[in-house]
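Take this structure first; my questions come after.
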Amino acid sequence: MENTTPLRKQYLDIKKNYPEAIVFFRLGDFYETFEEDARIAARELEIVLTSREMGKGLKVPLAGIPYHALDNYLSRLINKGYKVAICEQVTKPGETKGLVQRQVTRLVTPGTVVEPNLLQTKQNNFLLSLYLTEDSCGLAFADISTSEFGCTQTNIGELEAEISRLSPAEIILPKNQSLNLPIHLKATISKLDGYYFEADIAREHLLRHFECQNLSAYGCENMPLAISAAGALLNYLEETQKSSLKQLERLSVYTTADYMQMDSHTLSNLEIFRSSGGNSLKGSLLGILDQTRTAMGGRLLRKFLGQPLLKQSDIEKRLSAVDYFFEESLARTSLAKSLGQIADMERMANRIRQKTILPRELISLKNSLETVSAIHRQFGLMPPPRLAYFLNGLKPLPEMLDIINKTITDDPPSTLGDGKVIRAGFDPEMDKLCSLAGDARTFLSQMETRERERTGIKSLKLGYNRVFGYYIEISNANLGDMPPEFIRKQTLVNAERFITPELKEYENLILNAKERLLEMETGLYEQVLNQLGGFYSALLANAAALAALDVLSAFAEVAVRNSYVRPVFHPENRLDIRKGRHPMVEQGLGYGSFVANDISLSAEDCQIIILTGPNMAGKSTYLKQTALIVLMAQIGSYVPAETAELCLTDRIFTRIGAREDLSAGQSTFMVEMVETASILNTATSRSLLILDEIGRGTSTYDGLAIAQAVVEYIHSQPSLTAKTLFATHYHELVELASYLPRVKNYNIAVSEDRGEVVFLHKIVPGGVDKSYGIHVAKLAGLPKWVIKRAYEVLTELENPAKKQPKSRTCQPQLQLPMTGQTSVLEEEIKELEIESLTPLAALNKLYELKKKAEEQGL
């Protein structure tokens, strides 16, 4: 360290406190990175890697970015999961002896971003904190850009569903704990010392933050794990933000039982937030329903989809509001136009509180507040009864508007310092400084004209740069006419630059005025933000009301465009959907092309539907559309059907498709069985089960046996009786309906004509005993030879008696037992009571006997 420069010592002292972050070290007009940070920055940001001498014989890797381009480069690093420590100069050159003082003013991580251009407008940016035990979990989340702060305590089995629903950008855990993330989720994992998760420490942190004596008012006193997670989250935010967290003024405590539950597989299988094919918004349910016009509405829609309601009265309130907008097309159209002019008031309110909002954004806020007044005149003065519940927070804020109008210019720049942010007349002293700066500019223009005339040098010009200040520039060709009082300041290739005593005097005057102007404008702007901060709660209330109106009117717009209907809820444990449709598939096919289907499920008479039929005929679509209609109804949306009579569903489970969990060392079949076990162990009589091809991941007989046992279990367990759609390629399962009274068979209708097969996509009663797999293979484009040979093999398998061996070179003969001898196998066959066997049991017995015969060499 003896040969290290003071600047490097300063950097190393700061860097040691942020070993996991890239340190952006402010040096004048640049943020510099050093050593390994520089190598990472150069690689990820595609900037030049150079070096700087920072001690005797010591050259250190260096890569820098201009300070004004920070947000652009910052977003690229954060999106790749890096953390960045912003180290600023906190004193001015000359104010202190030696180096300018520097300190980290903020640690930017994926879960603590607040800059508008780094955030997804219609998606929350959640930081998630977890504290795990063997069978339970404390969970807390916060979005500091919107002031949301919540927590819960749940069993470990429901954790993955909550993580998928929240889709956090960053997760914090104690150092001694680990977590397997859902396969689709890309979140940064940050580790905290376990000390911050200790119950007493975390509780004290929360009490201090909320300035209260206990947590009973928040409803989490009996959630020790949730308290641990929430307290640790607060600590992490304080460490990263280096500022007050006053915007987190409420803690929303909830339980997963408050809402319909869907695990991560269900969210993925039903394509709620993203399509399975392109992993994008297009093709998802969110993509269909999101006709929202505001950022707040878009985020609220995501919340609705992740937490369908279980309280019928709350659902009916939403449906009644959708009714209003469905019927009142002029009101819906007018509102949509107004909402399109509303900025992200929720995030703006928080940036006002944090004093990070830009002057130009205040004009956008002003325009939004004017639109709020117009919307209030339309709906708030005489609220339509069906909207009244959602209009409570909608109130004009004329005082806030007045403050912005009186203090901020109509077209302010993004930054402070030029005297163009604060409106003239607001502060007399600042007006004087602005006038002085303006007069100086006029003086310099006049001086340039005067010096040209005095010297006769027509090309003479006055200029300014940050290094040399103000100067007079004369080309080399005119240096002979230069007056003697000009003092040389800089030599260029084709010109020389000079100063004069008069110019230097005005330079000092102007620079002092600009410095004072920056200080004064900054101070006045902060005063304005303090005043606007007094409207924080009212601004958030308006944002919440507008978000609700946005989502509910969007539901109506989607319903009108796609001919959806209002669902009806009843207390019986049944659902009855007439001409139901799959919302995403229908849109992909185009209007009128989708084949609608009915479904009736009831705990009393049709609890389980066994659905058979060929692949690609529409089984999965039918299963999924039923679940989607139930979900849509419980978020308060109209549904794609002719009629829909539903009961409240507490959970939707789906077991669809095949996938491996390589990270856990689990095969496709093991994953299938784990998911099936979870469903059977947690479903209730009010659940909806969507089971597709259970048992296909193992041998035919094992799979068939498991599939049958699962159906029998769902049917026979008194505490279960969940409404179930069970699609299968095991045609033998249709026999279950003969002795399980609440099992019904349905199949996909198929038309055959002269060897051509047409899938009608219509669900009809009854089972099928024929597969059309080869036809599907033909549609997929397999070679004609393969298709022809497959039909030959199929014929042989279906008619074994007619099968003729291709070669008869060696035909071993069976050794028949001698007269009077009886084998054990024969005795077992004789003892069979064939009349009491079901077809499926007989098939299983035949398989068993065949296996024994092979073992005996028969």
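Glycine residues also receive a Cβ, built from the backbone N, Cα and C atoms like all the rest.
According to Swiss-Prot, the record shows the following:
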| type | residues | note |
| --- | --- | --- |
| BINDING | Gly613, Pro614, Asn615, Met616, Ala617, Gly618, Lys619, Ser620 | ATP binding site |
Sort out the sequence-distant neighbours of Ser620 (ATP binding site) for me: same chain, 6+ apart, CB within less than 8 Å of its CB, listed by position.
Ile656, Asp692, Ala727
What number of additional C-beta atoms lies within 10 angstroms of the C-beta atom of Ala617 (ATP binding site)?
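Other Cβ atoms within 10 Å of Ala617 (ATP binding site): 24.
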Quick check on the binding-site residues: of Gly613, Pro614, Met616, Gly618, whose CB has the lowest count of neighbouring CB atoms inside 10 Å?
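Across Gly613, Pro614, Met616, Gly618, these binding-site residues, the one with fewest Cβ atoms within 10 Å is Met616.
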Which chain neighbours of the ATP site, leaving out Gly613, Pro614, Asn615, Met616, Ala617, Gly618, Lys619, Ser620, have a Cβ atom within 8 Å of the mean position of the site's Cβ atoms?
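Output for this site, in sequence order: Ile748, Phe759.
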Per DSSP, Met616 (ATP binding site) is which: helix, strand or coil?
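Going by the DSSP assignment, Met616 (ATP binding site) belongs to neither helix nor strand, so it counts as coil.
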On a count of neighbouring CB atoms within 10 A, which of the binding-site residues Asn615, Lys619 is highest?
Lys619
